[in-house]
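Straight from TrEMBL, the features:
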- 1-35: region 'Disordered' (REGION)
- 19-29: compositional bias 'Polar residues' (COMPBIAS)
- 45-65: transmembrane segment (TRANSMEM)
- 71-101: transmembrane segment (TRANSMEM)
- 122-143: transmembrane segment (TRANSMEM)
- 163-185: transmembrane segment (TRANSMEM)
- 197-216: transmembrane segment (TRANSMEM)
- 228-247: transmembrane segment (TRANSMEM)
- 267-292: transmembrane segment (TRANSMEM)
- 318-344: transmembrane segment (TRANSMEM)
- 364-383: transmembrane segment (TRANSMEM)
- 395-414: transmembrane segment (TRANSMEM)
- 426-445: transmembrane segment (TRANSMEM)
- 451-472: transmembrane segment (TRANSMEM)
Amino acid sequence: MHQQTEMEEGNIKKRKESQNGSTGHSMDCQNKEKQPKATVLQKDVGLLSAICLIVGTMIGSGIFISPKSVLLYSGAVGPCLLIWAACGVLATLGALCYAELGTMITKSGGEYSYLSEAFGSHIAYLYSWTSVMVLKPSSFAIITLSFAEYASAPFYPGCTPPLLVTKCLSAAALFLIVTVNCLSVKLASYVQNFFTAAKLFIILVIVVGGMVMLAQGNTETFSNAFEGTSSSFGAIGLAFYNGLWAYDGWNQLNFITEELKNPFRNLPLAILIGIPLVSVCYVLVNVAYFSVMTSTELLLSPAVAVTFGDRVLHPLSWIIPLFVVFSTFGSANGSCFTAGRLAYVSGREGHMVKILSYISLKRYTPAPALILNGMLAIFYIIPADINTLINYFSFAQWVFYGLTALALIVMRFTRKELHRPVKVPIVIAGLMVVVSCYLVLAPIIEKPELEYLYCTIFIFSGLLLYYPFVHWKVNWARKLMRPITMHLQLLMEVVPPEKTE
């Protein structure tokens, strides 16, 4: 057949031979004890690492830097705290829907696999096109830019670090994180576990500090807590948007289902432990902030956690920026870990170039997919401001969340034969669809802007690539990609994953 397939098969065969030993006559008895690993992503992620992935990816810089956005749109302390709690409930309900989907369809790739199963190839492709090209790498870039701003701040006291320094440091962090993830799944998990422990430690410090301040009688901010509450339909929607941005990451575990040990147990258990833990942390941290700052002071603070540290932990206030650096680095690592799996699965299903579905022969990591995510993220840190881009594409993310919840409802009727170890009430999925519609439409109705139209055009422009290259599989594209794939395969020492039953 083709040179490429011959070479791929040869690589797999060669690997098996080298691991089985050069002597053929001792294979029967010895290899039963020491079987070579199949060239697939290994099940290396246990329950603790799964919880750390959820908690570590959800808790980034949002709770330390920008809780003021929720306060700004909600208008008062009382509704602000209620919105933080409600966002936690929503994230938990959404994740329960994902627990059912993840234990019913045990494929990695998160929403991509579920949309493909429920609605077919077109919707799944548009999701992978939008996420792989924009949502995942730009989110990765934003987290590393936050890391770079905090990491460089001590070297520029009293002024903002130069943009070039921030961007170079961000690029260095991207390179380091991608390298760690390409080297080993276990190493990436250890990094995630360490930084999750670090961010939970600093949250504990803030919460205890807040409790001490409350015990000393600093409760003025909580009197008349509902005075000035916003009654605007769109403003409440934007408050939820900003709160849910801090909770983003509740679906991360579904991107690595194939690498979970005992996913039927560990997936729902990690969700039920991780997300309520984050919700409690977020509400308590906000209460701690309000114990030392009024609403006005909190809105004027450039970095809320740092202001809290200056007032409560004065001699040791430097630990807050240090741990925010740890927090953002851990969140970026989790984002990279899961984003690579989406590109890997869409490549495996033929929706992206085939090389993205190849895995390292020695390290069992989806190196090409991880490298693509890193390269796109570096491209996104070059422009002056990508926050605007993220704001406009956030509505796209909630479109896909809503479609995924709808997929659960659809498959209750179209795929009744599928085994469901976890089964949530269909009302929860319906609620998620309604909430998603609200979060998509409210900001557009409140403040319609052309950028939303541009984002929609970009999403559907994926069909211009889908029909020739995926649906019709034009011959010239395959001929063009064959030598490129072969050379990249040799360069990165990657092979197609073996088919497992």
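Positions of Cβ are set from backbone N, Cα and C atoms, glycine also.
Where the annotation comes from TrEMBL, it is an automatic prediction and has not been curated.
With pairs at least 6 apart in sequence, the transmembrane segment (122-143) and the transmembrane segment (197-216) have fewer than 3 Cβ pairs within the 8 Å limit; the two do not touch.
With a cut-off of 8 Å on Cβ pairs spaced 6 or more residues apart, the transmembrane segment (318-344) and the transmembrane segment (45-65) reach 3 or more such pairs and are scored as touching. Note on the transmembrane segment (45-65): residues 91, 143, 146-147, 150, 185, 189, 192-193, 195-197, 199-200, 203, 245-250, 252-253, 256, 259-261, 265-267, 269-271, 273-275, 277-278, 281-282, 285, 303-305, 320, 324, 327-328, 330-335, 337-338 of its chain, located 6 or more positions outside it, place their CB under 8 angstroms from a CB of the stretch.
Two recorded stretches are said to be in contact when at least 3 C-beta pairs lie under 8 angstroms, sequence spacing 6 or more; the transmembrane segment (267-292) and the transmembrane segment (395-414) fall short of this definition. Outside the transmembrane segment (395-414), and at least 6 residues removed from its termini, the chain residues within Cβ reach (under 8 Å) are 94, 97-98, 100-101, 104, 111, 114-115, 117-119, 123, 127, 130-131, 135, 248, 251, 424, 426, 429-430, 432-433, 435-437, 439-440, 443-444, 452, 455-456, 459. Sequence-remote contacts of a segment are chain residues at least 6 beyond its ends whose Cβ falls under 8 Å from one of its Cβ atoms, and for the transmembrane segment (451-472) they are 121-122, 125-126, 129-130, 134, 350-351, 388, 392-393, 395-396, 444.
By the count of Cβ pairs under 8 Å, the stretch nearest in packing to the transmembrane segment (364-383) among 122-143, 163-185, 228-247, 426-445 is 163-185. Long-range neighbours of the transmembrane segment (163-185) within the same chain, counting only residues 6 or more positions beyond its ends whose Cβ lies under 8 Å from a Cβ of the stretch, are 41-42, 44-45, 140-141, 144-145, 147-149, 151-152, 191, 259, 329, 332-333, 336-337, 340, 360, 363-365, 367, 370-371, 373-374, 377-378, 381-382, 384. Touching of the transmembrane segment (228-247) and the transmembrane segment (122-143) is ruled out by the presence of fewer than three CB pairs under 8 A, sequence neighbours closer than 6 excluded.
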